[in-house]
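K.L.:
Mind looking over this structure? Questions follow.
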Amino acid sequence: MAAGRLRGLAVAGGGESSESDDDGWEIGYLDRASQKLKGVLPTEEKNETFKKALTTGDISLVQELLNSGISVDSSFRYGWTPLMYAASVSNVELVRVLLDRGANANFDKDKQTILITTCSSRGSEEQIVKCVELLLSRNADPNVPCRRLMTPIMYAARDGHPQVVALLVAHGAEVNTQDESGYTALTWAARQGHKNVVLKLLELGADKMLQTKDGNIPSEIAKRYKHLEIFSLLSLSLNPLKGKLQQQTKEETICKLLATDSDKEKDHIFSSYTAFGDLEVFLHGLGLEHMTDLLKERDITLRHLLTMRKDEFTKNGITSRDQQKILAALKELDVEEIKFGELPEVAKLEISGDEFLNFLLKLNKQCGHLITAVENIITELPVNSHKIVLEWASPQSFTSVCEELVSNVEDLSEEVCKLKDLIKKLQNERENDPTHMPLVEEVSTWNSRMLKRTAITVCGFGFLLFICKLTFLRK
(Lines of atoms letter the chains of each structure in order from A and count residues from 1; the text may use other names and numbers.)
(Lines give C-alpha, C1' and ligand atoms only; values in the text may rest on other atoms or scores of the structure.)
Protein backbone atom coordinates (compact mmCIF):
# COMPACT_ATOMS: atom_id res chain seq x y z
CA MET A 1 0.00 0.00 0.00
CA ALA A 2 2.73 2.43 0.99
CA ALA A 3 4.79 1.34 -1.97
CA GLY A 4 1.88 2.16 -4.22
CA ARG A 5 1.72 5.66 -2.77
CA LEU A 6 5.34 6.20 -3.70
CA ARG A 7 4.99 5.03 -7.31
CA GLY A 8 3.83 8.50 -8.27
CA LEU A 9 7.34 9.89 -7.65
CA ALA A 10 9.17 11.08 -10.73
CA VAL A 11 12.76 11.24 -9.49
CA ALA A 12 15.53 13.29 -11.06
CA GLY A 13 19.03 12.94 -9.70
CA GLY A 14 20.66 15.93 -8.05
CA GLY A 15 22.96 16.87 -5.20
CA GLU A 16 23.11 19.70 -2.71
CA SER A 17 25.48 21.44 -0.32
CA SER A 18 28.64 23.35 -0.79
CA GLU A 19 31.21 21.13 0.86
CA SER A 20 29.69 17.79 0.08
CA ASP A 21 28.10 16.37 -3.03
CA ASP A 22 27.43 13.00 -1.42
CA ASP A 23 24.45 13.85 0.76
CA GLY A 24 22.36 11.03 -0.67
CA TRP A 25 19.36 13.21 -1.49
CA GLU A 26 17.23 12.72 -4.57
CA ILE A 27 15.30 15.71 -5.89
CA GLY A 28 11.85 14.76 -7.15
CA TYR A 29 8.19 15.69 -7.27
CA LEU A 30 5.75 14.17 -4.79
CA ASP A 31 2.12 13.91 -5.93
CA ARG A 32 -0.20 15.65 -3.46
CA ALA A 33 -2.58 12.70 -3.46
CA SER A 34 0.15 10.43 -2.15
CA GLN A 35 1.25 12.75 0.63
CA LYS A 36 -1.46 11.81 3.14
CA LEU A 37 -0.63 9.02 5.50
CA LYS A 38 -3.52 6.58 5.48
CA GLY A 39 -1.88 3.96 7.62
CA VAL A 40 1.19 3.03 9.59
CA LEU A 41 4.29 2.73 7.39
CA PRO A 42 7.38 0.68 8.13
CA THR A 43 10.27 2.74 9.51
CA GLU A 44 12.31 2.43 6.29
CA GLU A 45 9.44 3.65 4.14
CA LYS A 46 8.70 6.45 6.63
CA ASN A 47 12.28 7.65 6.31
CA GLU A 48 12.05 7.55 2.51
CA THR A 49 8.77 9.47 2.56
CA PHE A 50 10.31 11.93 5.02
CA LYS A 51 13.20 12.55 2.62
CA LYS A 52 10.81 13.19 -0.25
CA ALA A 53 8.72 15.57 1.85
CA LEU A 54 11.85 17.51 2.79
CA THR A 55 12.94 17.53 -0.85
CA THR A 56 9.68 19.03 -2.07
CA GLY A 57 9.35 21.36 0.92
CA ASP A 58 6.01 19.87 1.97
CA ILE A 59 5.64 21.38 5.45
CA SER A 60 2.34 19.67 6.30
CA LEU A 61 3.65 16.21 5.41
CA VAL A 62 6.85 16.84 7.36
CA GLN A 63 4.78 17.75 10.41
CA GLU A 64 2.61 14.64 9.97
CA LEU A 65 5.66 12.41 9.81
CA LEU A 66 7.19 14.07 12.87
CA ASN A 67 3.89 13.55 14.70
CA SER A 68 3.98 9.89 13.72
CA GLY A 69 7.21 9.40 15.63
CA ILE A 70 10.07 10.12 13.22
CA SER A 71 13.00 11.78 14.99
CA VAL A 72 13.60 15.39 14.02
CA ASP A 73 17.34 14.58 14.03
CA SER A 74 17.01 11.46 11.88
CA SER A 75 20.26 10.50 10.19
CA PHE A 76 19.92 9.79 6.51
CA ARG A 77 22.51 8.57 4.05
CA TYR A 78 25.99 10.03 4.67
CA GLY A 79 24.84 11.35 8.02
CA TRP A 80 22.80 14.39 6.98
CA THR A 81 19.92 15.47 9.22
CA PRO A 82 16.62 17.04 8.04
CA LEU A 83 17.76 20.46 9.31
CA MET A 84 21.04 20.18 7.42
CA TYR A 85 19.16 19.59 4.18
CA ALA A 86 16.57 22.35 4.81
CA ALA A 87 19.44 24.77 5.47
CA SER A 88 21.26 23.73 2.29
CA VAL A 89 18.31 24.89 0.17
CA SER A 90 17.54 27.96 2.35
CA ASN A 91 13.98 26.81 3.05
CA VAL A 92 13.10 29.28 5.80
CA GLU A 93 9.76 27.78 6.86
CA LEU A 94 11.14 24.25 6.90
CA VAL A 95 14.09 25.38 9.02
CA ARG A 96 11.66 27.10 11.39
CA VAL A 97 9.46 24.00 11.75
CA LEU A 98 12.40 21.68 12.40
CA LEU A 99 13.94 24.05 14.97
CA ASP A 100 10.58 24.42 16.70
CA ARG A 101 10.46 20.62 16.91
CA GLY A 102 13.82 20.58 18.67
CA ALA A 103 16.32 20.03 15.86
CA ASN A 104 19.96 20.51 16.90
CA ALA A 105 21.18 23.83 15.45
CA ASN A 106 24.81 22.94 16.28
CA PHE A 107 24.86 19.60 14.47
CA ASP A 108 27.85 18.98 12.21
CA LYS A 109 28.89 16.22 9.84
CA ASP A 110 32.66 15.95 9.43
CA LYS A 111 32.95 19.54 10.75
CA GLN A 112 30.41 20.79 8.22
CA THR A 113 28.01 22.71 10.48
CA ILE A 114 24.45 23.66 9.65
CA LEU A 115 25.40 27.34 9.83
CA ILE A 116 28.20 26.81 7.29
CA THR A 117 25.79 24.90 5.05
CA THR A 118 23.34 27.81 5.22
CA CYS A 119 25.94 30.49 4.49
CA SER A 120 27.20 28.57 1.46
CA SER A 121 23.76 27.70 0.08
CA ARG A 122 22.55 28.91 -3.30
CA GLY A 123 19.43 30.71 -2.10
CA SER A 124 18.84 34.44 -2.23
CA GLU A 125 20.52 36.62 0.39
CA GLU A 126 17.14 37.41 1.92
CA GLN A 127 16.44 33.70 2.46
CA ILE A 128 19.92 33.05 3.80
CA VAL A 129 19.66 35.98 6.26
CA LYS A 130 16.40 34.59 7.65
CA CYS A 131 17.76 31.06 7.98
CA VAL A 132 20.96 32.29 9.65
CA GLU A 133 18.97 34.43 12.08
CA LEU A 134 16.82 31.43 13.03
CA LEU A 135 19.88 29.27 13.64
CA LEU A 136 21.62 31.98 15.67
CA SER A 137 18.47 32.42 17.75
CA ARG A 138 18.88 28.74 18.73
CA ASN A 139 22.47 29.36 19.86
CA ALA A 140 24.26 28.10 16.76
CA ASP A 141 27.97 28.91 17.18
CA PRO A 142 29.14 31.30 14.40
CA ASN A 143 32.83 30.57 15.01
CA VAL A 144 32.98 26.80 14.47
CA PRO A 145 35.18 26.15 11.40
CA CYS A 146 35.01 23.42 8.79
CA ARG A 147 37.86 21.04 7.97
CA ARG A 148 39.59 23.80 6.02
CA LEU A 149 39.24 26.13 9.03
CA MET A 150 36.75 28.31 7.16
CA THR A 151 34.06 29.84 9.39
CA PRO A 152 30.51 30.85 8.36
CA ILE A 153 31.52 34.50 7.88
CA MET A 154 34.16 33.44 5.34
CA TYR A 155 31.57 31.54 3.32
CA ALA A 156 29.18 34.51 3.45
CA ALA A 157 31.97 36.86 2.34
CA ARG A 158 33.09 34.49 -0.41
CA ASP A 159 29.57 34.28 -1.82
CA GLY A 160 28.91 38.04 -1.61
CA HIS A 161 26.38 38.41 1.23
CA PRO A 162 27.10 41.63 3.21
CA GLN A 163 23.91 41.40 5.29
CA VAL A 164 24.78 37.86 6.37
CA VAL A 165 28.28 39.04 7.29
CA ALA A 166 26.89 41.85 9.46
CA LEU A 167 24.39 39.51 11.11
CA LEU A 168 27.10 37.00 12.02
CA VAL A 169 29.35 39.71 13.48
CA ALA A 170 26.45 41.02 15.55
CA HIS A 171 26.17 37.56 17.08
CA GLY A 172 29.85 37.29 17.94
CA ALA A 173 31.54 36.05 14.77
CA GLU A 174 35.26 36.79 14.66
CA VAL A 175 36.01 39.08 11.71
CA ASN A 176 39.74 38.41 11.42
CA THR A 177 39.86 34.62 11.79
CA GLN A 178 42.12 32.93 9.21
CA ASP A 179 41.61 29.61 7.43
CA GLU A 180 44.26 27.02 6.61
CA SER A 181 45.57 29.21 3.77
CA GLY A 182 45.65 32.34 5.91
CA TYR A 183 42.58 33.80 4.20
CA THR A 184 40.24 36.01 6.22
CA ALA A 185 36.67 36.94 5.32
CA LEU A 186 38.06 40.17 3.83
CA THR A 187 40.57 38.20 1.75
CA TRP A 188 37.79 35.99 0.38
CA ALA A 189 35.63 38.99 -0.48
CA ALA A 190 38.57 40.68 -2.22
CA ARG A 191 39.40 37.49 -4.12
CA GLN A 192 35.85 37.09 -5.41
CA GLY A 193 35.40 40.79 -6.20
CA HIS A 194 32.53 41.53 -3.80
CA LYS A 195 32.92 45.29 -3.24
CA ASN A 196 29.88 45.63 -0.94
CA VAL A 197 31.20 42.88 1.32
CA VAL A 198 34.64 44.51 1.42
CA LEU A 199 33.11 47.82 2.50
CA LYS A 200 30.95 46.12 5.13
CA LEU A 201 33.88 44.17 6.57
CA LEU A 202 35.99 47.32 6.79
CA GLU A 203 33.20 48.97 8.77
CA LEU A 204 33.04 45.95 11.05
CA GLY A 205 36.74 46.16 11.88
CA ALA A 206 38.37 43.80 9.40
CA ASP A 207 42.16 44.04 9.37
CA LYS A 208 43.26 44.64 5.79
CA MET A 209 46.92 44.06 6.60
CA LEU A 210 46.64 40.39 7.64
CA GLN A 211 48.73 38.23 5.33
CA THR A 212 47.95 34.85 3.83
CA LYS A 213 50.44 32.01 4.20
CA ASP A 214 51.89 33.14 0.88
CA GLY A 215 52.54 36.59 2.35
CA ASN A 216 49.79 38.44 0.47
CA ILE A 217 47.39 40.98 1.95
CA PRO A 218 43.79 41.40 0.69
CA SER A 219 44.64 44.30 -1.64
CA GLU A 220 47.29 42.17 -3.36
CA ILE A 221 44.83 39.31 -3.73
CA ALA A 222 42.31 41.69 -5.31
CA LYS A 223 44.96 42.93 -7.74
CA ARG A 224 45.97 39.37 -8.65
CA TYR A 225 42.38 38.52 -9.57
CA LYS A 226 42.01 41.81 -11.49
CA HIS A 227 39.53 43.49 -9.13
CA LEU A 228 41.27 46.85 -9.51
CA GLU A 229 38.54 48.95 -7.88
CA ILE A 230 38.74 46.84 -4.73
CA PHE A 231 42.54 46.98 -4.91
CA SER A 232 42.41 50.78 -4.93
CA LEU A 233 39.83 50.81 -2.15
CA LEU A 234 41.92 48.59 0.11
CA SER A 235 45.11 50.46 -0.73
CA LEU A 236 43.83 53.98 -0.10
CA SER A 237 40.73 53.91 2.10
CA LEU A 238 40.59 55.12 5.67
CA ASN A 239 38.24 53.35 8.02
CA PRO A 240 36.95 55.58 10.84
CA LEU A 241 34.37 52.99 11.88
CA LYS A 242 36.87 50.30 12.82
CA GLY A 243 36.37 49.01 16.33
CA LYS A 244 32.96 50.61 16.81
CA LEU A 245 31.18 47.30 17.12
CA GLN A 246 33.81 45.85 19.43
CA GLN A 247 33.02 48.60 21.96
CA GLN A 248 29.33 47.63 22.08
CA THR A 249 27.68 44.79 23.90
CA LYS A 250 26.19 41.97 21.90
CA GLU A 251 22.68 43.16 22.76
CA GLU A 252 23.39 46.74 21.66
CA THR A 253 24.79 45.57 18.35
CA ILE A 254 21.83 43.28 17.69
CA CYS A 255 19.41 46.13 18.41
CA LYS A 256 21.16 48.25 15.79
CA LEU A 257 21.42 45.34 13.39
CA LEU A 258 17.89 43.99 13.36
CA ALA A 259 14.82 46.01 12.45
CA THR A 260 12.07 43.43 12.66
CA ASP A 261 8.53 44.08 11.49
CA SER A 262 6.05 43.63 14.34
CA ASP A 263 3.87 41.55 12.04
CA LYS A 264 5.67 38.22 11.70
CA GLU A 265 3.64 37.37 8.62
CA LYS A 266 5.38 40.12 6.60
CA ASP A 267 8.35 37.97 5.57
CA HIS A 268 10.28 38.57 8.82
CA ILE A 269 12.31 41.32 7.19
CA PHE A 270 15.72 41.95 8.73
CA SER A 271 17.98 44.88 7.95
CA SER A 272 21.71 44.76 8.57
CA TYR A 273 23.72 47.06 10.79
CA THR A 274 24.73 50.34 9.21
CA ALA A 275 26.43 53.43 10.55
CA PHE A 276 25.06 56.36 8.58
CA GLY A 277 25.91 59.35 10.75
CA ASP A 278 28.49 60.70 8.28
CA LEU A 279 26.29 59.82 5.31
CA GLU A 280 23.27 61.65 6.72
CA VAL A 281 25.36 64.77 7.34
CA PHE A 282 26.67 64.65 3.77
CA LEU A 283 23.18 64.24 2.28
CA HIS A 284 21.72 66.97 4.50
CA GLY A 285 24.38 69.40 3.32
CA LEU A 286 23.34 68.78 -0.29
CA GLY A 287 19.60 68.88 0.38
CA LEU A 288 19.29 65.18 -0.43
CA GLU A 289 17.74 63.96 2.83
CA HIS A 290 15.13 62.04 0.83
CA MET A 291 17.87 59.63 -0.29
CA THR A 292 18.67 58.45 3.23
CA ASP A 293 16.07 55.66 3.37
CA LEU A 294 17.00 54.48 -0.12
CA LEU A 295 20.67 54.19 0.77
CA LYS A 296 19.89 52.50 4.09
CA GLU A 297 17.71 49.98 2.32
CA ARG A 298 20.52 49.17 -0.11
CA ASP A 299 23.16 49.16 2.64
CA ILE A 300 25.23 51.90 0.97
CA THR A 301 27.79 53.75 3.08
CA LEU A 302 29.31 57.18 2.48
CA ARG A 303 32.57 55.65 1.30
CA HIS A 304 30.65 53.47 -1.15
CA LEU A 305 28.62 56.45 -2.38
CA LEU A 306 31.73 58.54 -3.03
CA THR A 307 33.34 55.75 -5.08
CA MET A 308 30.30 54.95 -7.23
CA ARG A 309 30.39 55.06 -11.00
CA LYS A 310 27.56 56.51 -13.08
CA ASP A 311 26.10 53.09 -13.88
CA GLU A 312 26.07 52.23 -10.17
CA PHE A 313 24.15 55.44 -9.41
CA THR A 314 21.47 54.45 -11.90
CA LYS A 315 21.41 50.83 -10.76
CA ASN A 316 20.78 51.92 -7.17
CA GLY A 317 17.87 54.17 -8.13
CA ILE A 318 19.62 57.54 -7.77
CA THR A 319 18.06 60.06 -10.15
CA SER A 320 20.07 62.10 -12.64
CA ARG A 321 19.38 65.31 -10.73
CA ASP A 322 20.64 63.83 -7.47
CA GLN A 323 23.65 62.38 -9.27
CA GLN A 324 24.57 65.85 -10.53
CA LYS A 325 24.43 67.28 -7.00
CA ILE A 326 26.68 64.54 -5.63
CA LEU A 327 29.17 64.81 -8.48
CA ALA A 328 29.22 68.61 -8.18
CA ALA A 329 29.98 68.30 -4.46
CA LEU A 330 32.81 65.88 -5.17
CA LYS A 331 34.21 68.26 -7.78
CA GLU A 332 34.23 71.10 -5.26
CA LEU A 333 36.26 68.97 -2.89
CA ASP A 334 39.02 68.63 -5.48
CA VAL A 335 41.86 71.15 -5.19
CA GLU A 336 42.70 72.86 -8.49
CA GLU A 337 45.85 71.45 -10.02
CA ILE A 338 48.80 73.81 -9.89
CA LYS A 339 50.13 74.48 -13.39
CA PHE A 340 53.04 76.88 -13.07
CA GLY A 341 53.90 76.22 -16.71
CA GLU A 342 50.92 78.35 -17.68
CA LEU A 343 52.23 81.39 -15.78
CA PRO A 344 53.86 84.15 -17.89
CA GLU A 345 57.60 84.32 -18.37
CA VAL A 346 58.31 87.24 -16.09
CA ALA A 347 62.00 87.17 -16.90
CA LYS A 348 61.35 88.86 -20.26
CA LEU A 349 62.09 92.57 -20.12
CA GLU A 350 59.26 93.45 -22.51
CA ILE A 351 56.59 92.03 -20.19
CA SER A 352 53.72 94.44 -19.61
CA GLY A 353 52.52 95.60 -16.22
CA ASP A 354 49.21 93.82 -16.75
CA GLU A 355 50.96 90.51 -17.40
CA PHE A 356 53.12 90.88 -14.31
CA LEU A 357 50.08 91.73 -12.21
CA ASN A 358 48.30 88.70 -13.65
CA PHE A 359 51.28 86.53 -12.65
CA LEU A 360 51.12 87.77 -9.07
CA LEU A 361 47.36 87.20 -8.91
CA LYS A 362 47.72 83.62 -10.16
CA LEU A 363 50.53 82.94 -7.72
CA ASN A 364 48.37 84.22 -4.88
CA LYS A 365 45.47 82.04 -6.04
CA GLN A 366 47.66 78.92 -6.07
CA CYS A 367 48.80 79.67 -2.53
CA GLY A 368 45.15 79.92 -1.55
CA HIS A 369 44.49 76.47 -3.01
CA LEU A 370 47.39 75.02 -1.05
CA ILE A 371 46.08 76.54 2.18
CA THR A 372 42.62 75.09 1.47
CA ALA A 373 44.09 71.64 0.83
CA VAL A 374 45.95 71.64 4.15
CA GLU A 375 42.85 72.88 5.99
CA ASN A 376 40.79 70.03 4.48
CA ILE A 377 43.36 67.46 5.55
CA ILE A 378 43.41 68.86 9.09
CA THR A 379 39.61 68.65 9.21
CA GLU A 380 39.47 65.07 7.91
CA LEU A 381 42.23 63.57 10.05
CA PRO A 382 40.91 61.79 13.18
CA VAL A 383 41.62 63.53 16.45
CA ASN A 384 42.41 60.35 18.37
CA SER A 385 45.06 57.85 17.27
CA HIS A 386 42.82 54.84 17.98
CA LYS A 387 40.47 55.97 15.21
CA ILE A 388 43.17 55.53 12.56
CA VAL A 389 42.59 52.26 10.73
CA LEU A 390 45.41 52.16 8.19
CA GLU A 391 48.80 50.91 9.29
CA TRP A 392 50.76 54.17 9.23
CA ALA A 393 54.51 54.48 9.04
CA SER A 394 56.49 56.00 11.88
CA PRO A 395 55.10 59.43 12.87
CA GLN A 396 58.65 60.77 12.61
CA SER A 397 58.50 60.50 8.81
CA PHE A 398 55.32 62.61 8.75
CA THR A 399 56.68 65.26 11.11
CA SER A 400 59.94 65.52 9.15
CA VAL A 401 58.00 66.19 5.94
CA CYS A 402 55.87 68.77 7.75
CA GLU A 403 59.03 70.46 9.01
CA GLU A 404 60.33 70.63 5.42
CA LEU A 405 57.01 72.14 4.36
CA VAL A 406 57.26 74.78 7.07
CA SER A 407 60.82 75.55 5.95
CA ASN A 408 59.72 75.87 2.33
CA VAL A 409 56.85 78.16 3.32
CA GLU A 410 59.27 80.35 5.25
CA ASP A 411 61.59 80.45 2.22
CA LEU A 412 58.63 81.40 0.03
CA SER A 413 57.67 84.16 2.46
CA GLU A 414 61.23 85.48 2.39
CA GLU A 415 61.35 85.49 -1.42
CA VAL A 416 57.99 87.25 -1.69
CA CYS A 417 59.24 89.92 0.72
CA LYS A 418 62.32 90.39 -1.48
CA LEU A 419 60.05 90.73 -4.51
CA LYS A 420 57.93 93.32 -2.72
CA ASP A 421 61.01 95.34 -1.70
CA LEU A 422 62.36 95.18 -5.25
CA ILE A 423 59.09 96.49 -6.68
CA LYS A 424 59.09 99.37 -4.15
CA LYS A 425 62.68 100.21 -5.07
CA LEU A 426 61.84 100.29 -8.78
CA GLN A 427 58.86 102.51 -8.05
CA ASN A 428 60.94 105.02 -6.05
CA GLU A 429 63.71 105.15 -8.65
CA ARG A 430 61.19 105.75 -11.37
CA GLU A 431 59.59 108.66 -9.53
CA ASN A 432 63.00 110.30 -8.91
CA ASP A 433 64.37 109.78 -12.41
CA PRO A 434 64.53 113.20 -14.23
CA THR A 435 64.56 111.50 -17.61
CA HIS A 436 61.39 109.65 -16.86
CA MET A 437 58.69 110.40 -19.41
CA PRO A 438 55.19 110.58 -17.94
CA LEU A 439 52.66 108.13 -19.24
CA VAL A 440 50.16 109.24 -21.83
CA GLU A 441 47.45 109.12 -19.25
CA GLU A 442 49.43 111.46 -16.99
CA VAL A 443 50.07 114.06 -19.80
CA SER A 444 46.44 114.06 -20.81
CA THR A 445 45.40 114.68 -17.25
CA TRP A 446 47.81 117.67 -16.86
CA ASN A 447 46.70 119.28 -20.15
CA SER A 448 43.04 119.03 -19.31
CA ARG A 449 43.72 120.56 -15.90
CA MET A 450 45.49 123.60 -17.47
CA LEU A 451 42.70 124.04 -20.01
CA LYS A 452 40.13 124.16 -17.25
CA ARG A 453 42.11 126.78 -15.32
CA THR A 454 42.47 129.00 -18.44
CA ALA A 455 38.76 128.78 -19.19
CA ILE A 456 37.87 129.76 -15.64
CA THR A 457 40.30 132.74 -15.73
CA VAL A 458 38.86 134.05 -19.03
CA CYS A 459 35.31 133.73 -17.72
CA GLY A 460 36.33 135.59 -14.56
CA PHE A 461 37.81 138.53 -16.51
CA GLY A 462 34.77 138.66 -18.77
CA PHE A 463 32.41 138.76 -15.83
CA LEU A 464 34.45 141.54 -14.16
CA LEU A 465 34.43 143.60 -17.38
CA PHE A 466 30.65 143.21 -17.65
CA ILE A 467 30.16 144.53 -14.07
CA CYS A 468 32.38 147.54 -14.70
CA LYS A 469 30.52 148.44 -17.90
CA LEU A 470 27.15 148.14 -16.19
CA THR A 471 28.28 150.48 -13.38
CA PHE A 472 29.55 153.11 -15.89
CA LEU A 473 26.22 153.19 -17.78
CA ARG A 474 24.26 153.85 -14.59
CA LYS A 475 26.38 156.83 -13.81
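Cβ atoms are placed via backbone N, Cα and C, with glycine included.
Remember, it's a predicted structure, so these values are computed and weren't measured experimentally.
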K.L.:
Between the candidate ranges 1-24, 241-264, 289-312, where does Swiss-Prot place the region 'Disordered' annotation?
P.N.:
1-24
K.L.:
By DSSP, what is the split of the repeat 'ANK 4' (148-177) into helix, strand and coil residues?
P.N.:
16 helix, 0 strand, 14 coil
K.L.:
Within the repeat 'ANK 1' (45-74), count helix residues (DSSP H, G, I), strand residues (E, B) and coil residues, in that order.
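P.N.:
The breakdown for the repeat 'ANK 1' (45-74) reads 21 helix, 0 strand, 9 coil.
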